[in-house]
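Q: Swiss-Prot feature annotations, pasted as is:
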type	residues	note
DISULFID	44-70	disulfide bond
DISULFID	48-66	disulfide bond
MOTIF	44-70	motif 'Twin CX3C motif'
């Protein structure tokens, strides 16, 4: 993938520059969300499957419940933090 030079971007009209910036910001936001999901899933998987050998391609009921609970707690916490920051 080639990168755009500063000169190439500056030669665009204002509307095109704005559209490119919005696209880049959108892609960065998507990347952050995907990274967070990956980190939460990894952390919760390690928490819920600590010291257990992987014996199947599927989760048992206890593992599934633990993962759901772990992820929901993180989501709830993040929502509360965002709400608190927005309230300031």
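Including glycine, each Cβ sits where the backbone N, Cα and C put it.
In terms of burial and nearby residues, how do these features look in this structure?
A: Residue environment of residue 44 (disulfide bond) contains 19 other Cβ atoms, counted within 10 Å of its Cβ in all protein chains.
Long-range Cβ contacts of residue 48 (disulfide bond) within its own chain (separation 6+, distance under 8 Å): 63, 66, 67, 70.
Predicted-model confidence for the motif 'Twin CX3C motif' (44-70) is 88, expressed as mean pLDDT.
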Q: Per DSSP, what is the residue count of the motif 'Twin CX3C motif' (44-70) in each of helix, strand and coil?
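A: Counts, helix then strand then coil: 15 helix, 0 strand, 12 coil.
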Q: Once the chains shown are all counted, how many other Cβ atoms turn up within 10 Å of the Cβ of residue 66 (disulfide bond)?
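A: A 10 Å sphere around the Cβ of residue 66 (disulfide bond) contains 18 other Cβ atoms.
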